[in-house]
Amino acid sequence: MKPSTVKNLRRAADRGEPVSEETAFDILLARPDEIPELMNAATAVRRRHFGERLQLCSILNARSGACSEDCAFCAQSAHHETHAEVFGLLDGNEIAAAYRKAAELPVSRFGVVTSGRALSDEDIEAIAATVRNTSDPRVAWCASMGCLDRSRLQLLKEAGVSRFHHNLETAESYFPEICSTHGYAQRLDTVRAVREVGLEVCCGGILGLGESLEQRVEFAALLAREEVDCIPLNFLVPIPGTRLEARPPMKPLDMIRSIAMFRMMNPKAEVKVCAGRVRMGDLQAVIFYAGATGMMVGPLLTVAGRDVSSDLRMLEDLEFPASALN
């Protein structure tokens, strides 16, 4: 990193302010021996805004496969031939049971995730009824249900959903390489509608899709402008049968650099590390020192995660206090 970048990192750490796009790009070029300096800054920013608080979340694949969209990475797209399960919306009792099971873990959020561009009114009303009738003070309801309009989002909010997840996936300049069945503007409109109805915004994407480093910074800068509440970072897991099946996965240190860059550009947003984390191997524990405030645990959508007991043991080894999980 340039001397000016180190200076800018230290200033950002002291003030808790976002770094410039120029500094962010330099973060992605940090040499291995510069990673400790980068982690010092990212950890300082995390602690300034979040203390030692960490947040674990889990999700339920509540409707799978047969998606009309052609996202290049996705095993659930009907445009791809994969081994992903295909099933309709789960019964409300199944969703409620999964929520109650999650409440027995130290997770603070439980997300209901459905495939497809958007759920029907009937399905949304069914999920809203489940949320309305199932609650636990330990776990907040989240939803990820595609491109919904304000009226549908409002219905979910009134039922008890507190946060809506809708990824932009990548930089706007790279999105046409990833999806052709809908545009970036539609996704961005949904993100803004979520904010307008008063739900918290969970919005991030997948890194390692083939985007340039400049586009990775472009993406982080957009999330900063949108002032999202939480940024879930996924790392591409190439799935056989998808258009990106042959793309090599990111290297662990590149993942660390990217987490730190998103943290330094979005100092007040939660940064959660989700799918692809297992590919970091022995470096998984480093994510918190790169600025992450949480991670997704348990089953994912179409790729394997790590067993929850291993993740909880990792947090114990890091000596995060039990009170840190909220």
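Glycine is treated like the rest: Cβ placed from N, Cα and C.
Noted in Swiss-Prot for the protein shown:
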DOMAIN    49-277  domain 'Radical SAM core'
BINDING   Cys67, Cys71, Cys74  [4Fe-4S] cluster binding site
BINDING   Cys142, Cys202, Lys272  [2Fe-2S] cluster binding site
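Report note: the [2Fe-2S] cluster site is defined by Cys142, Cys202, Lys272, and the residues of the same chain whose CB lies within 8 Å of the CB centroid of those residues, excluding them, are Cys57, Arg109, Gly111, Arg163, His165, Cys230, Pro232, Glu270. Summary of the [4Fe-4S] cluster site environment: with the site residues Cys67, Cys71, Cys74 set aside, the chain residues having Cβ atoms within 8 Å of the Cβ mean position are Glu69, Asp70, Phe73, Ala75, Gln76, Ser77, His79, His80, Ser115, Cys179. If you average pLDDT over the domain 'Radical SAM core' (49-277) in this model, you get 95. DSSP assigns Cys67 ([4Fe-4S] cluster binding site) to a strand. Contacts of Lys272 ([2Fe-2S] cluster binding site) defined by a Cβ separation under 8 A and a same-chain sequence distance of 6+ are given as Gln55, Cys57, Gly204, Cys230, Ile231, Pro232, Leu233, Ala292, Thr293, Gly294, Met295, Met296, in order along the sequence. Its own atom aside, the Cβ of Cys74 ([4Fe-4S] cluster binding site) has 26 Cβ atoms within 10 angstroms in the protein chains shown.
A straight line from the CA of Cys74 ([4Fe-4S] cluster binding site) to the CA of Cys202 ([2Fe-2S] cluster binding site) spans 19 Å.
Sequence-distant contacts (6 or more apart, same chain, Cβ under 8 Å) of Cys71 ([4Fe-4S] cluster binding site) comprise Ser77, Glu169, Ile178, Cys179.
If you measure from the Cα atom of Cys142 ([2Fe-2S] cluster binding site) to that of Cys67 ([4Fe-4S] cluster binding site), you get 21 Å. For the pair Cys202 ([2Fe-2S] cluster binding site) and Cys67 ([4Fe-4S] cluster binding site), the Cα-Cα distance reads 21 Å. The Cβ of Cys67 ([4Fe-4S] cluster binding site) lies under 8 Å from the Cβ of Cys74, Gln76, Ser77, Ala78, Ser115, Gly116, Arg117, each of these being in the same chain and 6 or more residues away along the sequence.
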